[in-house]
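Peer 1: What follows is a single structure, and I will ask about it in a moment.
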């Protein structure tokens, strides 16, 4: 058994601005797990809100975990032990996805088939961040021209208020007239209840598909108020980190958005899917600042998920990994054993 770590800076084509700030690049940690002639790849995207802010912190956490002894345990047992040890989810995800990739390769199956999912078929959204109208006008064609993108997710919740949100949204509508895309909105918790009630009706009148995380994480009382008279489906993102979070808000939302970096990997994502379904909720899977390695791992589950938002690797210049192309609007890893992605050798550190 051998673990190799590679630290890589991911540079974005376009900065991504949301209600909480702007990201220009990220320094991710890639893990290569080798055993019995097979290799598994995993990726961690550190974040201040996720418990490990740097690639160095991620590597230290993983090395400490590995040093406790991991031979002879199942993937699920190792995940549960990592949670007990309080290993940051955005760190442990690299091991979890590497273990699943390795297991699928050993079984000679595509990961999605090992997990019991059909081939991905639902188109992914591509995201545009908070920007002034003149930037939106320039950026929309750069995101959509010559692509097979079918849905655009618009980040709102501007620090400048809902008037700025409306101005930006109207420019998006104008700039997308020549492209056959559906529009979705993610406020990243940037509104209070009154703003959310107003904006949801305003957006519903403009044929938006759904609204994601209208209120701050933890505002279950506000969600209850919104849900009673919602004109749009409500999905929560920041409010849903683990499967055990779901019962607290299940009666007041229409669906949940899971992310591997939030929950710690495929192992917990499967539990989130099952728990959401048990509560009659729809599912979405999203991403953070990730390359094709983490995206391909997430895409292995998309045959059983309602909405897909796996696009961060399309905003990299360049993507240091290979394996999650956009085909007819769908993020579609190759049908080969494992999740299908790997770090390119020129990015080995």
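In case you wondered, yes, glycine gets a Cβ from its N, Cα and C as well.
Annotations for this protein, taken from Swiss-Prot, read as follows:
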BINDING   127, 153, 154, 155, 259, 309, 310, 311  substrate binding site
BINDING   186, 212, 237  Mg(2+) binding site
Peer 1: Please give me the CB contact count at 10 A for residue 154 (substrate binding site), counting all chains in the structure.
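Peer 2: Counting Cβ neighbours of residue 154 (substrate binding site) within 10 Å gives 23.
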Peer 1: Would you count the other CB atoms within 10 A of the CB of residue 155 (substrate binding site), including those on all shown protein chains?
Peer 2: 22
Peer 1: DSSP on residue 127 (substrate binding site), three-state: which is it?
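Peer 2: The residue in question, residue 127 (substrate binding site), is strand (DSSP, three-state).
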Peer 1: Which of the binding-site residues 127, 155, 259, 309 has its Cα closest in space to the Cα of residue 212 (Mg(2+) binding site)?
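Peer 2: That would be 155, the closest of 127, 155, 259, 309 to residue 212 (Mg(2+) binding site).
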Peer 1: Can you tell me the three-state DSSP label for residue 310 (substrate binding site)?
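Peer 2: DSSP call for residue 310 (substrate binding site): coil, neither helix nor strand.
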Peer 1: Once the DSSP letters are reduced so that anything not helix or strand counts as coil, what is residue 186 (Mg(2+) binding site)?
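Peer 2: In three-state terms, residue 186 (Mg(2+) binding site) counts as strand.
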Peer 1: Just to verify a number: CA distance, residue 310 (substrate binding site) to residue 186 (Mg(2+) binding site), in angstrom, no decimals.
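Peer 2: Rounded to a whole number, the Cα-Cα distance is 14 Å.
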Peer 1: Please give the greatest C-alpha separation between any two of the substrate-binding residues 127, 153, 154, 155, 259, 309, 310, 311, in angstrom, as a whole number.
Peer 2: 18
Peer 1: Between residue 155 (substrate binding site) and residue 186 (Mg(2+) binding site), how far is it from one CA atom to the other, in Å?
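Peer 2: With distance taken Cα to Cα, residue 186 (Mg(2+) binding site) is 5 Å from residue 155 (substrate binding site).
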Peer 1: Within 10 Å of residue 237 (Mg(2+) binding site) (Cα to Cα), which of the binding-site residues 127, 153, 154, 259, 309, 311 do you find?
Peer 2: 259
